[in-house]
Amino acid sequence: MRLTIEGARVIDPASQFDQITDLHIAAGHIVGIGEAPEGFSANQRIDARGLIASPGLVDLNVSLREPGRTRKGTIDSETRAAAAGGVTSLCSLPDTLPVLDTPAVAELILDRAEQAGQVRVFPFGALTRGLDGEHLSELVALRDVGCVAFTQGLASMKSNRILRRALEYAAGFDLPVVFMPQDPDIAEGGSAHEGATAARMGLVGIPETAETVALARDLLLVEQTGVQAHFSGLTSARAMDMLADAQARGLRVSADVAMYQLLLCDEDLEGFSSLLHVQPPLRSKQDRHALRQAVQSGVVQAIASHHQPHEQEAKRVPFAASAPGISSVEILLPLALTLVADGLLELPALLSRLTCGPAAALNLPAGSISLHGRADITLFDPVAASLIGHNWLSKGANCPFIGKGAPCKVTHTISNGKLVYQA
Amino acid sequence: MSTPSSHLQLNFQGQLRHFLTIEGLSRELLTELLDTADSFLEVGERAVKKVPLLRGKTVCNVFFENSTRTRTTFELAAKRLSADVLNLNIQTSSTSKGETLYDTLRNLEAMAADMFVVRHGDSGAAHFIAGHVCPDVAIINAGDGNHAHPTQAMLDMLTIRRHRGDFTKLSVAIVGDILHSRVARSNMQALQTLGCPDIRVIAPRTLLPAGIDQYGVRVFNDLRVGLRDVDVVIMLRLQKERMQSGLLPSEGEYYRLYGLTRETLALAKPDALVMHPGPINRGVEIESEVADGAQSVILNQVTYGIAVRMAVMSMAMTGQNAQRQHNQEILLAEQARKSGQETPACD
């Protein structure tokens with residue numbers, strides 16, 4: 001397909017390009033910026049005057065649920081939802097059934113993603129077999145079939161000794177490791193941030209130290225082993241300080257935060273809506289402020305959706321008994337644009353946190369608009385308000401933002417040169 | 001202050017339609033509830049202990065957690081209001097066969113029950129039922145997780161009011177496992193709403209919730225300091241599992257530091273009331289002689305509990321009925337408006 005996008009404001013944070021121009025696409029690649037190449041004739045044109053053309057978003061934390069949990073979501077449904085959110089590349093978590101700890105499971109996921117034909121999937125492999133925290137997965141074999149990083153998610157390691165060995169092994173092959181720090185012993189049984197709100201509501205609290213104790217250990221082991229580390233879904237102000245300090249000391253550490261953590265806080269739990277039950281929990285207003293500041297300063301270079309789709313029954317129970325997570329990939333860009341509306345970030349800076357920032361964190365070949373580069377492009381109208389939930393595509397409707405307004409609207413998503421979403 | 005809880009609990013006229021938590025309810029409403037309970041105390045002294053306020057209504061006691069005392073007093077309260085009462089033993093019900101709470105409640109709702117008295121191990125369970133499952137059935141929270149036990153709080157308030165009168169001149173101490181106590185939370189809220197100027201919580205730090213200092217209460221780790229000159233002492237039950245989970249070293253040390261004995265009670269005002277929601281652990285949180293002593297009103301609490309539950313049930317049923325009628329009128333008006341629009345105008 002040969003496609004021309006006419007008259008968009010093209011913003012590429014990676015190259016700091018920001019100009020109203022045309023983009024010409026053929027065979028999955030950008031073949032012209034501005035002038036069309038000689039002999040190019042488009043068979044489809046998009047009138048994009050008034051729209052922004054951004055690199056397709058790169059989302060570092062998505063649960064696709066397939067294989068094994070297809071009541072909650074499938075690769076087809078969730079990659080379609082991602083495309084609707086402006087995402088063209090996503091990293092999938094290994095928390096499938098079976099766990100992604102063998103090349104066969106990775107291949108299955110990649111095959112189904114290709115069949116779905118929506119967006120690019122970069123799977124994370126399980127750091128240990130079955131996420132048991134004890135036996136290392138075949139990390140190199142998993143890398144060879146396409147796993148871009150390795151993680152335990154929120155599952156714990158059997159011991160600090162085994163974690164150290166796993167990091168040493170990964171570092172030996174320069175494999176990035178993704179940490180979601182939470183000390184399970186300190187967090188045990190908790191469902192909300194430990195603070196005044198949880199105390200009043202009688203919810204068992206997860207203290208900030210559940211995150212920071214684990215983060216401190218992880219940072220020390222990262223320093224010792226020299227592994228490339230990415231911290232995903234950090235929630236606390238103290239963690240932001242620790243991260244900034246580690247970066248200042250020259251450690252190879254990057255981080256993302258969940259988009260919803262930048263908008264919500266523990267006070268929103270009043271009323272016990274199970275839609276707001278997430279892990280790690282929504283923290284305090286002060287923590288939220290610190291996360292926003294860290295995103296603004298660049299200490300946190302990526303904003304991810306932390307998309308966790310669930311079937312209705314998983315949330316149709318009292319708060320603590322509900323499955324944690326928000327279905328959010330579909331609204332990543334509309335929610336993120338509220339940060340521009342709030343004056344926290346200029347639009348190019350925000351887009352860098354959603355495109356080249358996350359791509360750089362895990363060395364992914366994505367997140368930029370460049371001549372001869374892959375044509376992954378998101379078009380959005382920055383001033384057209386949209387109603388969240390209209391034409392919802394994710395299989396999980398567990399989203400507290402449904403019914404609310406968003407300050408922008410994704411109009412088109414182009415993945416590998418193909419129009420995969422049009423509003 | 002308007003809170004999500006008050007939106008859910010009150011009908012369009014501000015009357016109670018569910019009773020889920022004390023939080024968000026006004027002093028006027030709590031006082032009305034206490035006044036109503038006061039008037040019901042006399043029913044228990046009659047030869048025929050019944051009034052017809054809930055005649056023809058069906059009350060379901062749905063207890064997902066074991067409780068003999070609370071369930072019995074709710075049952076007695078409902079029967080004294082002439083309701084038909086159904087006690088559901090959830091241990092042997094469909095939920096143990098895998099049915100969800102949602103489906104269990106929907107089934108009961110379909111049997112045309114008018115009121116559910118619910119006890120559940122999860123904080124917020126009563127809110128979940130009132131908000132998502134059975135909004136048209138009056139829900140009375142008989143204890144949800146660590147969150148709330150509002151009828152217990154109101155019977156404690158009735159006990160205090162009948163023995164001490166005005167809340168605005170009292171010092172009240174709540175002693176023990178505040179962290180895991182729904183009674184403590186509801187009592188703190190009720191005392192605050194009713195104007196009690198000095199609410200003290202006394203516990204080791206491991207049994208205090210984070211952020212308790214933001215609740216308008218004074219926090220003491222030392223029982224002997226905290227009890228000084230208080231008018232009321234509310235003791236809480238201590239569970240042995242607190243020792244096993246590393247919150248306390250031993251029962252013996254707890255009793256030595258936080259047990260209410262004749263010696264420690266002497267630090268309070270000479271006529272201070274001794275209260276306990278029960279069941280009591282003699283020799284763990286309270287000395288036997290104190291539990292049975294002249295200052296103890298523990299058994300009065302049980303008696304007042306029936307009257308308070310009668311008051312809550314009758315008020316919630318009135319509020320729920322009014323809301324239903326209001327909703328019906330709105331629906332009919334809407335239908336009439338629509339049919340009026342659809343009818344072609346006559347020439």
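Positions of Cβ are set from backbone N, Cα and C atoms, glycine also.
Quick caveat, the model's predicted, so the values are computed rather than measured.
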Select one of B:R46, B:R106, B:R119, B:R242: the residue that TrEMBL places in the carbamoyl phosphate site alongside B:R69, B:T70, B:H149, B:Q152, B:G278, B:P279.
B:R119
Who sits close to B:R237 (L-aspartate binding site): which same-chain residues at least 6 apart have their Cβ under 8 Å from its Cβ?
B:G176, B:D177, B:H276, B:P277, B:G278, B:P279, B:I280, B:N281, B:E285
Would you mind ranking the binding-site residues B:T70, B:Q152 by how many other Cβ atoms sit within 10 Å of each Cβ and giving me the lowest?
B:T70
Within the predicted model, mean pLDDT of the domain 'Aspartate/ornithine carbamoyltransferase Asp/Orn-binding' (B:170-315)
94
Which ones, of the binding-site residues B:T70, B:H149, B:R182, are Cβ-proximal to chain A (under 8 Å)?
B:R182
Whole-Å Cα distance, B:H149 (carbamoyl phosphate binding site) to B:R182 (L-aspartate binding site), is 5
Least Cβ-crowded entry, counting other Cβ within 10 Å, from the binding-site residues listed as B:R69, B:R119, B:H149, B:R182:
B:R69
Quick one: Cα separation, B:R69 (carbamoyl phosphate binding site) versus B:R182 (L-aspartate binding site), in Å?
16
Per DSSP, three-state class assigned to B:T70 (carbamoyl phosphate binding site)
helix
